């Protein structure tokens, strides 16, 4: 019975995940162990199994504890970051509130001054009108008093002619008297009620002033997110419908860590603002990291809500660069480009001349080597280690440079574009042990397509020193699809995704991207997923036609 239990324990150690939290009911009686729940079954295995199994179980425990330790460390960093954020954001919130109230006070003061100015203007206008009427009335009254005195004196005239004349004068003056032409209605009143203000409603609004409702955090729907063709589509929803949301803010960053984002990550968050819908697609990305973190927040007209729980999406792709240590001296490698440089190696040649003065024949060989034009047979025996650099560079007429990352399984894709006026170039793959004089397509360990625009134009697929002419025009950009699992190397028009040629081979060693350039240059695009159109085509492709069979191989 105990042997059977040990066998079951060994099976558990082999198959059960760490930290499974399994309660060991089945083995209490056989092992006579107390009832307990452990991190995994591993603690029991340490005491029951042999040394190898104990080490394996202990390693599982250590891995579990290390992962938990890292998780706790990351969580503590998150809490510390949040604590620091509270200490910074609280005074900022107070400052923002004071600024809003200061703005409100400023508006009230401005409105008060404006309304006081209106009252003063109205009072000045009324004062002017009333004062004018008072002046006119005073003049009319003075004229009327004078006329009244004249009339009283006329009553004392006894001469009929003089009386008649005085009476006529009085009549004419009465007709033209200002007192009879002046309106007796005031043009302005002392009433200022039309400039009174009722602040009851505004006072109630101010008394009801509260902190604005902050939008709730959205929820990213991982099942609706899509990573395809170097485009990431992110979708989210609100937990509760909120009609006051004006827009969303999406943030993302690249990372090589799976799981929740880390506070101390190398890359900063990048922001996409003013998104009006609950989904967004980031296109044209270069996938030079294993994962990408995403989070989103909702905003109304005045406030931004909390971030959603971040999600991590996988963005693996094939990334590599040119291996400058392998490149021919006449090739200049910079970042993602390689260019023909007829002056390459001249500086190294002069150093060799200074250190090694072994005769004119030897110097002649060095000059020929730097030009890159002689036959390999004439230069292989005299190639100087000083010119080779840190490893055996390609030399002679093999104007080649390899990629710096090998492939041993899976599917990989990259694109190559010829620079302006490139005369001759090849694009393909090779085993890394390619000889320093070997040329792409002329050995049984290299596969490529070759484009020649010098003198007589040609477009061909090459392998094992055999060439097959290809139909159609050379595309501006060539896509290379390497499927090591199914043993296929395919070339596509990168723009139209039209198949150019496919090799079938059994790759017995890891392969690396390989390039040949003469008189011109190539630019390289990596960090690319296998395009969906290429995947669809490969699924429906039923092998190569008879015209390609001569280039198919069983690579050894």
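Glycine is no exception: its Cβ is also placed from the backbone N, Cα and C atoms.
Note that TrEMBL annotation is computational and uncurated.
What TrEMBL records for 348-359 is compositional bias 'Basic and acidic residues'.
Here TrEMBL flags 362-383 as compositional bias 'Polar residues'.
Residues annotated as domain 'COS' in TrEMBL: 155-212.
The domain 'Fibronectin type-III' annotation in TrEMBL covers 214-318.
Among the features that TrEMBL reports, domain 'B30.2/SPRY' is placed at 346-533.
If you look up TrEMBL, you'll see 340-393 marked as region 'Disordered'.
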In the domain 'COS' (155-212), averaged pLDDT is 83
Pull the DSSP breakdown for the domain 'COS' (155-212) and write it out as helix, strand, coil residue counts. 32 helix, 0 strand, 26 coil
Within the domain 'Fibronectin type-III' (214-318), how many residues are helix, strand or coil going by DSSP? 3 helix, 46 strand, 56 coil
